[in-house]
Amino acid sequence: MHPSGADTVLVRHGDVGVKSRKVQTEMERRLRDNMAAILEDRDIDAEVERRWSRLLVHTDEQSVEEATTAAADTFGVQSASPVVVVSPEQELIEETLADAAQEHYDGGTFAVRARRASKDHPFTSAELERKGGTAVWEAVENPEVDLDDPDITFSVEVRETEAFVFIEKRDGPGGLPLGTQTKLVSLVSGGIDSPVSTWEVMKRGSPVIPVYLELGDYGGADHEARAIETVRKLKKYAPNHDMRVRKVPAGEAMNRLADEVGPARMLSFRRFMYRVAEHIAREESAHGIVTGEAIGQKSSQTARNLGVVSAATTMPIHRPLLTMDKSDIVACARKIDTYTDSTIPAGCNRIAPDYPETNATLEIAQNADPDGIFELAEEAAENVELVEL
Ligand SMILES: Nc1ncnc2c1ncn2[C@@H]1O[C@H](COP(=O)(O)OP(=O)(O)OP(=O)(O)O)[C@@H](O)[C@H]1O
């Protein structure tokens, strides 16, 4: 929602701001480049400018809503507002606030908030709020003020040479600009969880190499489509990063697991999978493995089993969803738009045993592993196929 005449997006970052000046400058540049790439990918005609500790996206009124969405989809962004830019004069600001109110105030309560970044103006923020409040009050019918929890807020941010008037602060993902942390391999099965865990580490600045294990008789075309399509959705947040899916043939390993392993089958599967991921991580100079596991979500994911399976690799395993409830994961999947693709029925054979081991020891897991399973993992990883998105 924007006041008429809005042709700019004011973008705020969060965690970037707590870094040293030098690091912050570098991160802001990365943020600007990533945002420009998303705008270009969506065919939005816009320019991104770094200013103070903000970014400004210059566009036109017709594109300002889409540009705001693109900005708010960029990792590292705390919030984005479509703004009208005016000269920082009190009367002009009041008029712009009043115009915005006439256009958008539709009953309910309102507040005016002002922020002044420079002290070089002949008015204080408090004065601006008071007088701006009066201007809005006089511009609309039956106004009601609520400074604590208003239905609509008319805001102004005043800088040295311009003032920004806006009525919406759209939440961004927060986090850090993508590419400011080390690369990670992310195991994406295309279920609800792994696209979310992938998005979570991207949010903290790590580019990801998506790895999908093609499970032969235990996977299939729809299973694979889920993985590819969810990564395609994630790629929208990172069009300037290589997110081609690394597809690994794991059908033979799955057959052996099904034939040779009983209750500890899923533990052996995880151990195999981590070894595949580790191998690809080394090849691609990545420094960790990401999964969508959460404590207790499945029998193979009891706190005890997670410890046992982790011993298959010396590489750190990151589990961003570790403590999250399913309902929160589903809400996140909907927000980032991977939910629909994740719920394509995969209709594949079940690999999990009927009576799975929930309380394994490392010895149980090692004894259960089919002979040469780690060699098989290396071999499978060597035969990786790149899937273009
Ligand atoms: N075929 C696969 N390819 C790549 N990673 C996989 C595969 N199967 C499982 N994983 C990884 O192991 C984690 C736990 O496996 P689990 O069996 O719970 O997956 P799922 O239920 O099929 O999918 P999700 O966890 O994404 O909802 C997944 O989140 C994912 O990181």
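Cβ coordinates come from backbone N, Cα and C, glycine included.
Whatever TrEMBL says is automated annotation, not expert-curated.
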(request) Please pick, from ARG170, ARG204, ARG270, ARG271, the residue that TrEMBL records in the ATP site together with LEU187, VAL188, GLY292, GLN301. (result) ARG270
(request) Write out how many residues of the domain 'THUMP' (65-169) are helix, how many strand and how many coil, based on DSSP. (result) 38 helix, 31 strand, 36 coil
(request) Please list, in sequence order, those binding-site residues from LEU187, ARG270, GLN301 with the Cβ less than 6 Å from ligand 1. (result) LEU187
(request) Express in Å, rounded to the nearest integer, the largest CA to CA distance found among the ATP-binding residues LEU187, VAL188, ARG270, GLY292, GLN301 named in the record. (result) 16
(request) Could you tally the C-beta atoms, other than its own, that fall within 10 angstroms of the C-beta of GLY292 (ATP binding site)? (result) 25
(request) Within 10 Å of the Cβ of VAL188 (ATP binding site), how many other Cβ atoms can you find? Include all protein chains, please. (result) 30
